[in-house]
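> Below are the features I grabbed from TrEMBL:
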ACT_SITE  HIS225  active site
ACT_SITE  LYS227  active site
ACT_SITE  ASP232  active site
ACT_SITE  HIS410  active site
ACT_SITE  LYS412  active site
ACT_SITE  ASP417  active site
DOMAIN    220-247  domain 'PLD phosphodiesterase'
DOMAIN    405-432  domain 'PLD phosphodiesterase'
TRANSMEM  7-28  transmembrane segment
TRANSMEM  34-58  transmembrane segment
Amino acid sequence: MILTWSIIKWGLLIIIVINEIAALFTVFREKRDIAATWAWLLVLLLLPVVGFVFYAFLGRKLPQRSLERIKSQTQLKLKQAVERQKLQFQNMPKPRHSTVQMYRRTVMLFQSLDNAFLTRHNNVKIYTKGDKLFRQLFDDIEAAKESINIEFYTIYNDQIGNELRTLLEQKAAEGVEIRVLYDSWGSMGVRADFYNGLRKRGGYATPFLMTHSNFIDFRMNYRDHRKIVVIDGEIGYVGGFNVGDQYLGRVKKFGPWRDTHLRIIGGGVYSLQQRFIRDWNASVKHKDNRINHFSRFFPEIKLNKSRLENETSLQIVSSGPESPQENIKLGYLRLINAATDHIWIQTPYLIPDDSVIDALQVAAHSGVDVRIMLPCKPDHPFVYRATQYYARVLANHDITIYFYEKGFLHAKTIMIDGRMASVGSANLDFRSFKLNFEINSFIYDRDMTDKLERIFINDIRNSRVITPEMFANQSRWLRFKQTFSRLLSPIL
């Protein structure tokens, strides 16, 4: 009996030592943010075996060859289209108002970080409800003559997903080029044969940056969170909506879905097309399926009188783990630091890093009206508790925190001083800044910003303010869950 117990003790000791060595090797063999390093070390040391299962899903980095595939796309013949775009925009009339001039340093920042060219004379329409968005999107798809390029994090096999698939199959049968790029994790549950009908009719569909040697990709990180549609190279969509019934408010758990999406006609579509082509060419398994003839995907921009009179200047900015810097986050910091009157933010997840927290606090203590609107209900428990933690921290620094109560708030918008705004796929969290592939539009236009701010004000009517006193009165158990989730936030 004593011998058996001694063997068990030695066995446990050996397991613990092996676990600690494996944890140290696993965490420090890859370069990562220091906060994420310590968070993973905590998980792996405190949860033997189980921690490594979590790491397999959340901690593994994207293979370097996958990053190289997407980096290499910037060297393709897309440069020719980009150069043509440069010349075209240089010859366009200058903006009538001074918003672009006022934010010229922001424009230059994005040009330097992401080759994000300023596009002018865009017609932009805002959508906040899924039924109206998909009705317009389907109308545009039905009218397509040449090509339809679609990229989404999530395309579900449900009513709206099947309606989209059927419509794409019809257009493919008519001879329209169809390409669908989806994220395998975000679209989990959709069988591989979901797109067989589209393929039989000449269309294409492939998962984003799939490791082609593996049948299943278990990584939860480094996902394609972008939402892009480009039709005939003339109409583009970008924003927060995915394709699924829940995004139309048809799922009881979430209720009405409140999001923000843009429909763009103008030069901004060029940038969306460029981003899609790079992502597509990096993802397809066979080189023959790459897009190599670019000119037909970039038709000449026609400036009519209405386009000149209703201009919206904007830049399309993308970021991802293949970039040496966090493009969208740096843009957010630039805007926050430049604000003199107000900063209004909507985001479903609030897990900012120290640089963003400091910038928001400095702005608030400098007299800038900083407001942040969040959903009142969770879709990811740990992420929601971490969001509550950071909301509590910011509320203690003169920042107004709203919890939206009329359904689920999924919009990712920032409005600055009534002059400039950002709408896209990036949340105000660590995952969007560092781990996922994102895309945002940065809009230099008072009228568009005013529309977004009026939407924000209307949302306030369906929200409640959470004061520092209300946070202080939370139970100890709730505060513990928030603090614990915050410790894990670098890996959530």
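Backbone N, Cα and C define each Cβ position, glycine as well.
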> Quick one: of HIS225, LYS227, ASP232, ASP417, which active-site residues lie within 10 angstroms of HIS410 (active site), measuring between C-alpha atoms? Sequence order, please.
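For HIS410 (active site), the active-site residues whose Cα atoms are within 10 Å come to none.
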> Measuring Cα to Cα, how many angstrom lie between ASP417 (active site) and LYS227 (active site)?
27
> Including all protein chains shown, what's the count of other C-beta atoms within 10 A of the C-beta of HIS410 (active site)?
24
> Taking HIS225, LYS227, LYS412 as the active-site residues to compare, which has the smallest set of other Cβ atoms within 10 Å?
LYS227
> Cα distance, LYS227 (active site) to LYS412 (active site), nearest Å?
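LYS412 (active site) to LYS227 (active site), Cα-Cα distance: 12 Å.
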> Do you know which of the active-site residues ASP232, ASP417 has the most other C-beta atoms within 10 angstroms of its C-beta?
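Selected residue: ASP417.
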